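Trainee: Before we start, here is the structure in question, set down as structure tokens.
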Amino acid sequence: MLFLVSSADFISLYLALEAQSLCFYVLAALKRNSEFSTEAGLKYFLLGAFSSGLLLFGCSLIYGFTGVTNFSELARIFTGGTQEFLVSTTALPACELGMVFLLVGFLFKITAVPFHMWSPDVYEGAPTPVTAFFLIVPKAALFGVFLRIFGESFYDFILPWQKILLVSSLASMILGSIAALSQTRIKRLLAYSSIGHVGYLLAGFACGTIEGIQALLIYLVVYIFMNITMFAIILSALRREHLQVVPRLKYITDLAFLAKTNPVLALTFTVTLFSMAGIPPLAGFYSKAYLFFAALSSNLYLVAVIGVLCSVLSCFYYIRLVKIMYFEAPKNWCSFSRIPVENAITLAITLFFILFFMFYPTPLHLITHKIALTLCL
Amino acid sequence: MSLISTILFFPLFGVLILLFVPNWKTQLIRRIALNTSLLTFLISLLLWIEFDNSTARFQFFETFSGLPSNGTSIGGFSFSGFNFLFGIDGISLFFIILTTFLIPICILVSWTSIQTYVKEYCIAFLVLESLLIAVFSVLDLLLFYVFFESVLIPMFIIIGVWGSRERKIRAAYQFFLYTLLGSVFMLLAILLIYFQTGTTDLEILYCSNWSETRQIFLWLAFFASFAVKVPMVPVHIWLPEAHVEAPTAGSVILAGILLKLGTYGFLRFSIPLFPFATFYFTPLIYTLSILAIVYTSLTTLRQIDLKKIIAYSSVAHMNFVTLGLFSLNTQGIEGSILLMVSHGLVSPALFLCIGILYDRHKTRLLRYYAGCGRTMPLFALLFVFFTMANISLPGTSSFIGEFLVFVGTYQNNSFIAMLAATGMVLGAAYGLWLCNRLVYGVIKPHFINEWCDITRREFWMLLPFVISILWIGIYPEPFLDALHCSVSNLISHGM
Amino acid sequence: MPASAPLFGAVLGVGVQLYVNAVRKLPLMRDPWLHVLWAGAGASFGTWLVSFEERTEKDLAELLRKREEANKHLQQ
């Protein structure tokens with residue numbers, strides 16, 4: 001993953017991506033005696049290999065028509081004086097085609113629509129800590145490297161890729177909020193809600209301005225913190241069954257016992273859910289507001305309007321979780337088991353971040369501005 | 001520490017104390033909450049005493065310079081963070097005093113009726129108080145939005161957890177989602193304003209101009225949010241549901257303050273910032289207001305649930321307020337503000353009376369109550385008084401408000417004033433009918449078994465309302481004086 | 001802010017330990033030495049954050065200045 005983000009060449013990009021993905025495939029199939037897990041690993045492997053193949057095809061097209069694979073060299077070719085050379089041959093449309101394949105591979109990996117079909121199944125089948133890893137790591141790594149590719153090398157092709165990213169982002173936002181309305185299992189719900197969040201991230205990406213990249217990075221950081229909190233809670237809601245401690249939080253109706261046995265945990269869950277829905281004064285609101293600000297300043301009005309509407313829609317199912325937690329009677333006996341200390345510490349740190357980020361956003365703001373500038377300079 | 005920050009942080013200080021009190025000491029929790037809110041009220045009275053009536057500037061001005069509000073500069077656009085600026089002028093003064101006046105009453109009202117999760121209940125109300133004071137005194141557009149929306153969370157929890165029936169969850173959902181949907185458009189408008197002018201500081205924005213088409217869009221976006229809060233037809237449906245399902249204290253704060261948030265938003269943001277669009281859309285507001293007044297007054301006549309009657313009458317009163325607001329002359333706006341304050345006193349008082357009945361008999365259906373005047377004379381006296389105030393009997397505060405509203409509207413458009421006057425008659429109709437059915441008539445002994453009159457706690461809850469309504473009704477000068485400068489500044493600035 | 005950053009950090013640190021105890025349903029002040037530990041950790045985090053912010057701000061100003069100069073010839 002670290003190799004991936006620091007790669008400056010298509011070859012190293014592909015190598016790092018494949019190495020990372022191989023590890024992910026194995027991780028998804030970690031529970032060897034569960035069919036769910038094996039199925040998830042297999043699905044991920046097949047679709048991941050396919051999308052890596054598409055990515056490689058894009059890279060090879062670009063190499064074939066320009067002769068270089070290094071990002072900075074590509075940047076020089078696409079923006080420098082050899083532009084006429086490209087136009088006079090048939091190279092330019094082919095490079096666009098290569099870029100489209102690159103984008104397709106990228107969108108596959110970060111589970112954006114219309115390449116998202118594998119993610120709910122894989123996220124649900126994989127063991128829960130692995131799902132947490134999947135939700136956070138590939139997105140961060142891939143956004144990092146593709147920000148560099150599209151911000152530096154392919155910036156001149158912004159018209160095609162902005163359109164593609166806009167379509168994907170709108171579709172992801174809409175699908176993420178609508179499809180999650182009917183889910184009954186927590187991990188699938190989180191998978192669809194993460195598709196929605198990816199839609200917002202892509203909207204920030206599609207702006208193409210420094211504010212857009214900054215908004216994307218801030219949203220990414222807040223998204224990471226929120227997901228860590230969510231998974232820490234899901235992993236901590238342990239129950240004692242037949243003399244052993246079992247993490248048994250599969251269906252959303254399982255949450256019903258949480259408010260009675262551990263009110264502080266229920267409160268934390270509520271705060272996290274409100275933050276994911278984008279309610280002030282929590283961190284999720286700040287990141288969404290800045291994202292809409294970046295979208296509006298790039299004249300992407302439709303994205304902003306649909307974004308806010310989808311955020312209200314998604315509010316509905318987040319609040320439904322709150323309702324189930326507080327207002328429904330649990331169906332079977334509740335017992336509780338003490339949360340391990342590491343979970344509690346993680347929860348504390350991320351919860352305080354979500355609560356107090358609004359009052360002191362400056363360090364994150366500054367560092368993301370610096371990152372955005374270094375990516376584009 | 002200056003006055004406003006004291007008032008803002010005092011309830012939070014109370015919350016901090018409450019966090020360390022164990023759950024089972026309910027009496028101590030209630031006492032701490034009550035004392036905190038009473039002290040906040042007394043400090044806010046200081047605000048009024050030290051208020052300068054002769055200027056329209058923002059007084060008790062304060063910034064939190066400790067918080068970092070520097071940001072980054074990108075070319076010409078800098079995200080200057082949040083400007084934590086607070087200030088009060090004549091318009092916000094009374095809302096803050098109303099807030100701090102109502103919250104102790106809310107805590108008193110639930111002295112015996114709330115037995116579960118008492119600590120969380122008191123914490124929710126104190127947090128709500130802080131947020132409401134912040135909404136009314138903040139001078140920054142984005143921060144106003146933040147606090148405006150944050151109010152939803154405690155209200156959602158209060159309605160959902162301590163409400164009275166199974167339908168409460170649906171009501172809480174409706175309340176939350178309706179308001180959120182309207183407000184997200186306001187968020188987009190605020191971001192657009194920020195993008196165009198580079199700041200969200202209200203005093204600077206008051207001096208800026210937008211082109212006319214842009215004003216129309218921005219006004220409409222703000223309208224989407226405020227219209228849900230007011231509430232105007234056709235987005236008023238959340239209000240009867242929320243009122244019926246909320247606990248008594250929740251209804252009190254909902255009717256008393258939360259409805260005023262919408263009209264305060266109109267007053268503070270839509271009218272001064274977008275004068276052209278205000279002129280442009282005045283016919284729309286007039287139509288919707290008259291529709292709401294007549295429609296909801298007629299609907300009230302067929303209700304059987306006591307709280308729904310008062311809830312619909314709240315809708316009618318708030319639409320009188322918008323009628324007055326958009327008449328855009330001094331009498332209209334002053335009348336609407338006074339009507340807001342008066343409605344903030346009368347409606348909570350009526351909800352309190354209904355809560356008293358509900359505490360005894362656990363039903364709100366009008367069929368079961370009749371002849372209360374024979375067995376609960378003190379309660380009947382107060383209830384009749386508040387009903388007369390609801391009808392705007394001369395001598396009560398709502399008369400002053402409505403009269404000024406009518407004067408203002410008549411100057412603008414006499415046809416609308418005529419239609420609004422019919423609303424007044426309808427108001428008298430449902431008010432008197434409710435009063436008759438409840439207080440007079442033959443007692444129904446097969447339904448009603450408890451006859452005790454109001455207790456000392458309930459009496460002391462209702463007495464301040466009586467005193468304030470009579471005071472504003474007979475001698476409104478102190479209130480109107482405080483309003484006058486700010487309102488004339490508002491009008492002359494916009495036109 | 002510079003003077004009160006360690007104070008805020010210490011308060012947050014104590015808050016973290018209080019929260020950890022609360023969420024594990026232990027009495028709030030169990031293991032009081034851990035409170036002190038977290039207070040210290042929080043204070044150091046506070047000071048580090050403030051210095052990080054200043055450093056990043058200086059770097060950012062530097063980057064922006066170089067950008068201005070590089071684009072100067074375009075603005076003629």
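Cβ atoms here come from the backbone N, Cα and C positions, even for glycine.
From TrEMBL, here are the annotated features:
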TRANSMEM  B:6-25  transmembrane segment
TRANSMEM  B:32-49  transmembrane segment
DOMAIN    B:77-133  domain 'NADH:ubiquinone oxidoreductase chain 4 N-terminal'
TRANSMEM  B:84-109  transmembrane segment
DOMAIN    B:140-425  domain 'NADH:quinone oxidoreductase/Mrp antiporter transmembrane'
TRANSMEM  B:145-163  transmembrane segment
TRANSMEM  B:175-196  transmembrane segment
TRANSMEM  B:216-239  transmembrane segment
TRANSMEM  B:251-271  transmembrane segment
TRANSMEM  B:277-298  transmembrane segment
TRANSMEM  B:310-329  transmembrane segment
TRANSMEM  B:335-358  transmembrane segment
TRANSMEM  B:378-395  transmembrane segment
TRANSMEM  B:459-476  transmembrane segment
Trainee: Would you mind splitting the domain 'NADH:ubiquinone oxidoreductase chain 4 N-terminal' (B:77-133) into helix, strand and coil residue counts from DSSP?
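Mentor: Result for the domain 'NADH:ubiquinone oxidoreductase chain 4 N-terminal' (B:77-133), in helix, strand, coil order: 36 helix, 7 strand, 14 coil.
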Trainee: Can you name the far-off residues of the same chain, 6+ from the ends of the transmembrane segment (B:459-476), with a Cβ under 8 Å from a Cβ of it?
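Mentor: Same-chain contacts beyond the flanks: 101, 105, 108-109, 338, 341-342, 345-346, 348-349, 352-353, 378, 382, 385-386, 389, 394-400.
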Trainee: Grab the same-chain neighbours of the transmembrane segment (B:6-25) for me: Cβ-Cβ under 8 Å, and only residues 6 or more beyond its ends, written as numbers and ranges.
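Mentor: Sequence-remote neighbours of the transmembrane segment (B:6-25) are 32-33, 36-37, 39-40, 43-44, 47, 86, 96, 100, 103, 118-119, 122-123, 126-127, 129-130, 133-134, 137.
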Trainee: Which sequence-distant residues neighbour the transmembrane segment (B:175-196)? Criterion: at least 6 residues beyond either end, Cβ under 8 Å.
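Mentor: For the transmembrane segment (B:175-196), the far contacts come to 77, 141-142, 145, 148-149, 152, 155-156, 159, 205, 210, 214, 217-218, 220-222, 224-229, 235, 237-238, 241-242, 273.
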Trainee: Over the domain 'NADH:ubiquinone oxidoreductase chain 4 N-terminal' (B:77-133), work out the mean pLDDT and round it to an integer.
Mentor: 83
Trainee: Sort out the residues at least 6 away from either end of the transmembrane segment (B:277-298), same chain, that have Cβ-Cβ distances under 8 Å to it, and list them.
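Mentor: Cβ under 8 Å, 6 or more out: 212, 215-216, 218-220, 223, 227, 232-233, 236, 270-271, 312-313, 315-316, 319-320, 322-323, 325-326, 328, 412-413, 416, 419-420, 422-423, 426-427, 429-430, 494.
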